[in-house]
Amino acid sequence: MVVVISKRIDKFGQVLRVVGHGFWSSSWLHSVSETTDEIETIARIINDHPFPVQPLQPTLKRHISPSILSTTFAENVLGRLFAAHANGLKAYEFFEFCLHHSEYSPTSDAFEKTLHVLARMRYFDKGWELMKKIQQLQPSLLTLKSLSIMLSRIAKYQSYEDTLEAFEKMEQHLFPGKKFGTEEFNILLRAFCTQRQMKEARAVFNKLHSRFPPDTKTMNILLLGFKESGDITAVELFYHEVVKRGFKLNSVTYSIRIDAYCKKGRLGDALKLFEEMDRVNCLPTLETITTLIHGAGIARNITKAKELFNEISKRNLKPDTGAYNALVSSLIKSRDVKSAAVLMDEMVEKNIKFDHLTYHTMFWGLIRSNDVGGAIDLYKRMVDKNYLPKARTVVMLMKFFCENHRVDLSLSLWNYLMDKGHCPHCHSLEILVTGLCSRGRVEEAFECSEEMLKRGRHMSELVFQMLKRSLLQLGEEEKLQKLNQMTKKLEMILPPYRQTIGHSLGADL
């Protein structure tokens, strides 16, 4: 057993000594717990490893025995790496390690997670390489989901022509035994619509609809795209086109139109559509009512929001986390943070789990009301539950703590995420380094940046320049040189890419 002792800032900002064990071996632990510990340990080892500066395969061979290498184990490790925003090349290395063992049989879930991590970090060459490899080894794993993963990221980061070329490449070379039809066409359209590229989506529709007969789902995808672009006039115009083409409307069609009105604050129009659904016997779903609760919150009509929430049980539906989140959000928008906190307590009593939106919305309400104590208390509760917040929540908390002279809590949050094998977003590092350097804590700012680089993740030019100024002022040329060498070495193996905070956090919204 490997024991590591280090000085850290704990989750509540206190300095302590941490004793970490490389592996759990207590005989009284249940087998499920042991498996969970092994998954967490391997995920952390992979995430902490300085790949691609150093090879990862030898480390995996030392720590992963054939006895634990199961399909479930691989899926869970990849799931942890995905959630932790690990370097995509590390996830690919781990998946390749699994493929080289005869005991392991790859699953679509493991393959799709690996592909998603690669595509999310724009390693498209590696993504194509992986898809080609799977086609040769086990073509049945190439599914509509893998098609969607690749196309959606190419549409986000590359051109219209690149996306169409990728679609054709998949049809002709990766799915040669499969005849592409409406389902695949819908995935291509969704790739553009989710990026609000409606000009491109319409161009694709006009170009290919004669080859791939559209269905109601096709029209709903396009309608959703117009809704996401925020143009309610375009939504209604296209809706009438859908009706004119003779497509049958369903609850999804109504929900999209309702959401479009709600986002523009036109709750009255949304409620008219809600009533129309009952008249035409198109029963509203839980998602439809949840959307209306959000709409009531945007319109600052908390009475209607509560009425709609009660409507859920009257229709023999059961409120879920999403429905509660909608009401919490409505209360927060009306600046009734106290009632939102009571509603969260109700969720606990009814065993309805919090998700990233629950925490983010409540943090936003507390921060907006300048309730420092309440935000810190909720932060402690979140950490006690071992919950890992999404990137945008981390950025919000880092900024809030630093602005309120609690940079110790920003550092504790960084350490908490790192200890969990999670690699925070580069914007989190910018906020933390700014806060530390402005308070003369340059050594800690250097250590956090070093951690990021060791994990095979680039730091921004802003962070480097800030550290450069601070280190030179302190006469720490050696540390600056070390950072410079680490950065250049990483760039030789892993070219940096430009990424805006809006792009990277938009997926969490």
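One is the number of the first residue shown, and numbering goes on along the chain from there.
Cβ coordinates come from backbone N, Cα and C, glycine included.
Feature annotations, reproduced from TrEMBL:
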REPEAT    250-284  repeat 'PPR'
REPEAT    285-319  repeat 'PPR'
REPEAT    320-354  repeat 'PPR'
REPEAT    355-389  repeat 'PPR'
REPEAT    425-459  repeat 'PPR'
So if I exclude everything within five residues of the ends of the repeat 'PPR' (250-284), which remaining residues of that chain have a CB under 8 angstroms from its CBs? That is, six or more out.
216, 219-220, 223-224, 226-227, 230, 232, 235-236, 239, 242, 291-292, 294-296, 298-299, 301, 304, 315
Should anything in the same chain at least six residues away from the repeat 'PPR' (320-354) have a Cβ under 8 Å from its Cβ atoms, list it; otherwise answer none.
286-287, 289-291, 293-294, 296-298, 300, 302, 305-306, 309, 312, 361-362, 364-366, 368-369, 371, 374, 385, 387
Reduced to three DSSP states, the repeat 'PPR' (250-284) has 26 helix, 0 strand, 9 coil
Taking every residue in the repeat 'PPR' (425-459), what is their average pLDDT?
93
